[in-house]
Protein chains: 2
Amino acid sequence: MTALWLIVLCGVLSVVYAIWATSSVLGADAGSPRMQEIAGAVREGAQAYLRRQYSTIGLVGIVIFLLLAYFLGVYVAIGFAIGAILSGAAGFIGMNVSVRANVRTAQAATTSLAGGLELAFKAGAITGLLVAGLALLGVTLYFGFLTYSLKLAPDSRTVVDAMVALGFGASLISIFARLGGGIFTKGADVGGDLVGKVEAGIPEDDPRNPATIADNVGDNVGDCAGMAADLFETYAVTAVATMVLAAIFFAKTPILANMMTLPLAIGGICIITSIIGTFFVKLGPSQSIMGALYKGLIATGILSLIGIAGVIYYLIGFGKLDGVDYTGAALFECGVVGLVVTALIIWITEYYTGTDYRPVKSIAQASVTGHGTNVIQGLAVSMEATALPALVIIAGILVTYSLAGLFGIAIATATMLALAGMIVALDAFGPVTDNAGGIAEMAGLPKEVRKSTDALDAVGNTTKAVTKGYAIGSAGLGALVLFAAYNQDLKFFVAGSAQQHTYFAGVNPDFSLNNPYVVVGLLFGGLLPYLFGAMGMTAVGRAAGAIVEEVRRQFREKPGIMQGTDKPDYGKAVDLLTKAAIKEMIIPSLLPVLSPIVVYFVIYAIAGGGAAGKSAAFSAVGAMLLGVIVTGLFVAISMTSGGGAWDNAKKYIEDGHFGGKGSDAHKSAVTGDTVGDPYKDTAGPAVNPMIKITNIVALLLLAILAH
Amino acid sequence: MTALWLIVLCGVLSVVYAIWATSSVLGADAGSPRMQEIAGAVREGAQAYLRRQYSTIGLVGIVIFLLLAYFLGVYVAIGFAIGAILSGAAGFIGMNVSVRANVRTAQAATTSLAGGLELAFKAGAITGLLVAGLALLGVTLYFGFLTYSLKLAPDSRTVVDAMVALGFGASLISIFARLGGGIFTKGADVGGDLVGKVEAGIPEDDPRNPATIADNVGDNVGDCAGMAADLFETYAVTAVATMVLAAIFFAKTPILANMMTLPLAIGGICIITSIIGTFFVKLGPSQSIMGALYKGLIATGILSLIGIAGVIYYLIGFGKLDGVDYTGAALFECGVVGLVVTALIIWITEYYTGTDYRPVKSIAQASVTGHGTNVIQGLAVSMEATALPALVIIAGILVTYSLAGLFGIAIATATMLALAGMIVALDAFGPVTDNAGGIAEMAGLPKEVRKSTDALDAVGNTTKAVTKGYAIGSAGLGALVLFAAYNQDLKFFVAGSAQQHTYFAGVNPDFSLNNPYVVVGLLFGGLLPYLFGAMGMTAVGRAAGAIVEEVRRQFREKPGIMQGTDKPDYGKAVDLLTKAAIKEMIIPSLLPVLSPIVVYFVIYAIAGGGAAGKSAAFSAVGAMLLGVIVTGLFVAISMTSGGGAWDNAKKYIEDGHFGGKGSDAHKSAVTGDTVGDPYKDTAGPAVNPMIKITNIVALLLLAILAH
């Protein structure tokens, strides 16, 4: 009980930090009236979009809430609501800070790079810590309420199902937010660039471009709110899955409650280390932005090591644990592996997306020979970028499994995610600086300001890729954990089939690769990320095409826009994208929700129904959970790293290499950047929540069938 | 014995057909001296390339031959040599016909489209029937030699290993030929287009472009010789894997020899139906080229249905089979499923790559808004194009497994492959018409001729995608067969570990998805197609870049080339590409050869050695075989269908849609086509032999460890 209160305290600390940082951000100079006017337009657009997005998701959410309440009881449904509401809140608050920090960052950058970085990073840290803090508070408080106030056993079905439903709520918000936000932001970006940069020959963020406000709105709703929801669900689902495994592996041991608390405690201590880490982010004399961010990250990492050791020692000790053949110390070592995996994935992502290394330079080089070679090299880099992260994940699985079995893998994943506060902070400062650059451009601030914000933005491209690689990497490492949760749940129901879970009588799933239903499940799971990715890409293409038409129409009907004598209608583009994004996000988002259910019943029917049909269907669904990760991992990493590399190859050329701005190489690089946009900001990152939803729906399906 | 001789007779028939068709092609009018001069240059370049490629592969082959002879005995090594030599021969002969048919097709097209089609298709049919015929002859004669002349038991290790080695020989040639040829052809194509079409503004195949002969050489060495080697190995490996399974499932039954003969007999009868089918390919009054090809295909399909029924009845009857619980009739039904799967994959591929349907039109439409949207939509289509084929394969697995278990899946796959003669014929006419168009352009033939060859070429883009989808689809359907061969071999060795295979003592592989080594294997297998694809794409980018530099150099140093007063140095580009392709093909080709071996020993060491280490390592290698198919299927289909769609979107615009030739949309479409080139002709198709090699090396590894 004390432990839970301490964890809650950590969560509260993150909220306190967020309040303090928000007041500090809002206290900064908001710039000239012209700047405030632009920022106001961006803010309004972003809020209007998020309102519509949340109302749409709300409708879906209410339906699911009622279904869950009907099938699994009200506590499970409340869990779902908590996950959904807190996930939405993290994104909503983060975005509201972001749309206020942007103009202040632009203003701060007029004096110094360090000032801009400080403000932008602080805004990012608010989102980061709220993501981690609210997720932790939600899971901990509801778990505490169920187990202490309602006196339910920690491993009772209601508690487990409620925790899973909490993860489901978060995932559902997340996939809609990632996809809707991603379609909005990239529709604006791609459409605006195509017609502005390429056709009209005006620079990015030129106020004459009617899509420019929408582009800045997109940064906030996609890269900030969408990303926050994504990481919230990754955090929540991982914590929940680890708790479910603990409930199974340590059932009927005296340390059960403590083992279930462990992932939460690791999350709690890492919130404190993340808060401390934020104060280490300071521009050194080398003026290296990445260096400043790394200082914060390394501080957080080292402090977390110590903190996690303390938490493990306090909760379960370093000695041998009850009921298993490994020690608390081994679990600590698994935590270390989680930190090392995080560090390696960050380092690899920086290598593939940073402007200092071979991959980005090779894309820039290939741009000299044309659009085609730029895209070919970009695709090659994107595919190559999957190999090392996959090997790191493989090594992580092998090492942690040998240390402490499946639970070791779970602890490594939980530790990885415990750093989310800091990682999201690194990422969420990206849209702020991107917006600051846009505002600087539109408000006609001096060129040096734009140079500062551009430098911040280039780093933002890498940190954005890092977060996505990290999120999907944790899914890869956690693949076995999620599958194990499914498998153990299934075993539990089968074991209890004689008494209450009669649906599972005679069910005997076979997860061997010899089983054709397993191969079928793997292949079906494998196709989901491809189909989902295709839908996301098509949606962006369609939205961008609509924007191109709209901007062309405005240019045609108001020739004064280009001469600067007439003002473009920014609101029209924002409106158009809002409608498009909301409409386009629905069907792809339902794909992972419905797939496990459809696969289950189709295979059940094909395999002849009865217990044999159920066994076949459960095997196929289980294999599907791994299939979706096997291809999803590669699709997601290739898209997010490839997209980042394309974007920075363009920036590298703009820095004066291979002919610089306006050269043919630059034009080719803009094409590559355009292609990379939906890759890295729409389809790629949405694969992560998609994988989680598939897994979580499968768990809920089991629970519903058992009722 | 009679059956084997009859099968040999079918193989001989295919050779007789090839000789007859060759003399008929060579008897056609070879056109004007100028045309012959151009064709001569293409022929010389292609022959020079193939000589160098085969000498390089020869060196690798001799090393492997010696290794196999040392580890597994001389009969196994001879099997390897037969597979390698015959695969090479199929490609070599096919290409030599192709380089002579091209000019004659151009000449025939001066009179009529029907004439051009007839000649080009006949040339393609030579390659097609040689591929099927030589593969069948090789497998059948060597199997007959081992079992009848040497009196070895059909299921003895020597026979099984020798058959597997035969498949390995074919696969090894295939991956080198696919990759080397693919790098050559697309390096020439991409490089030539970039500098010719985009920079210099001269049409494709303009004789002033120094890369134009190399481009035509590439069509022959990549699309003809490389493709032939690929399908040869798919055919051989599938036949061999089915025989291995028959050897296991029907061991010690009286029908063993007949069951092992069955896949060969299906292959034999389908050669006859394919030969008959070729005579149905005739341009109808509608002038539909695709329609003419379909007539031949449908005729072959229907006749094959009857033929396969006859073969099964003759060899094993339709009643219940010894030792298993299914009937001969069920196996016939599996054969029907194989034919249906083939038909569906062809139909789906045509939908995604044909100019008449939504996907290609959507890419053409997206070209209007620029390079970026063209590529985005192309990527979306490429990803979407994987879903239906995957579902067809899934359905195929489910249906055939329910009919006749694993052996049913094997028979379906064997039946699918039995049509290879006809399918390859449909494909191999593509490079002939592509070349004919090039020769027509360079020799300044009237525009109508080019129009005819272009119409043939557009159909060629679809049929090329069809063959690749078909090859990879058969790999997907056969995934379980290859895995089962591995698994059964492993069981066999473990069972015999007390006596002779002492290495396998105490080994107990666990292929359950609960086993972390299985998940690790799936992930590692999953990364192979990505890494391999990245290498292929990079190689093409590099080769194309070199060509761009070379062409620019020639234009710069000989300004007379563009005025037509000076002749470009075609040979230089051919030479440069030959060297680049040979160099670049080595390392990626070794990836699948070395991966199973490395994974085995690394996992063995990590899992602590001993019997437990061996069990873990065998589990991981087995899972790797499925992992490589799960992602490989999607990578390959997305690349080959996407590439075909991009190419035909360009052709659709050139036909006068969305602004036609020279419009901005056309320029964007050229970019998409360029991106699609290495996708569809280098990286994508090479994934198929890569999957097979990974599987076959795993089988050989087992055999070597057992010795």
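Using the three backbone atoms N, Cα and C, a Cβ is placed for every residue, glycine included.
Automatic prediction, not curation, is the source of TrEMBL annotations.
Quick look at what TrEMBL lists:
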type     : residues  : note
SITE     : A:Lys464  : site 'Determinant of potassium independence'
TRANSMEM : A:54-73   : transmembrane segment
TRANSMEM : A:119-146 : transmembrane segment
TRANSMEM : A:158-177 : transmembrane segment
TRANSMEM : A:232-250 : transmembrane segment
TRANSMEM : A:262-281 : transmembrane segment
TRANSMEM : A:293-316 : transmembrane segment
TRANSMEM : A:328-348 : transmembrane segment
TRANSMEM : A:375-399 : transmembrane segment
TRANSMEM : A:406-426 : transmembrane segment
TRANSMEM : A:517-548 : transmembrane segment
TRANSMEM : A:589-610 : transmembrane segment
TRANSMEM : A:616-637 : transmembrane segment
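Taking the Cβ of A:Lys464 (site 'Determinant of potassium independence') as reference, residues of its chain lying under 8 Å away and at least six apart in sequence are, in sequence order, A:Asp223, A:Met227, A:Asp427, A:Gly430, A:Thr640, A:Gly644, A:Lys680, A:Asp681. Counting C-beta pairs under 8 angstroms (sequence separation of 6 or more), the transmembrane segment (A:232-250) reaches the transmembrane segment (A:119-146) with 3 or more such pairs. Away from its own ends, the transmembrane segment (A:589-610) comes close to residues 172, 175-176, 179, 506, 517, 520-521, 524, 528, 531-532, 535, 616-618, 620-621, 624-625, 628, 690-691, 693-694, 697-698, 701 of its chain (Cβ-Cβ under 8 Å, at least six residues beyond either end).
Recorded stretches compared: A:119-146, A:262-281, A:616-637; the one with the most Cβ pairs under 8 Å to the transmembrane segment (A:158-177) is A:119-146. Residues 3-4, 6-7, 9-11, 13-14, 17, 117-118, 121-122, 125, 128-129, 132-133, 135-136, 139-140, 143, 235, 238-239, 242-243, 246, 292-293, 295-300, 303-304, 307-308, 310-312, 314-316, 331, 335, 410-411, 414-415, 417-419, 421-422, 425 of the same chain sit 6 or more residues outside the transmembrane segment (A:262-281) yet have a Cβ under 8 Å from a Cβ within it. Contact count against the transmembrane segment (A:328-348) (Cβ pairs under 8 Å) is highest for A:293-316, out of A:54-73, A:119-146, A:293-316.
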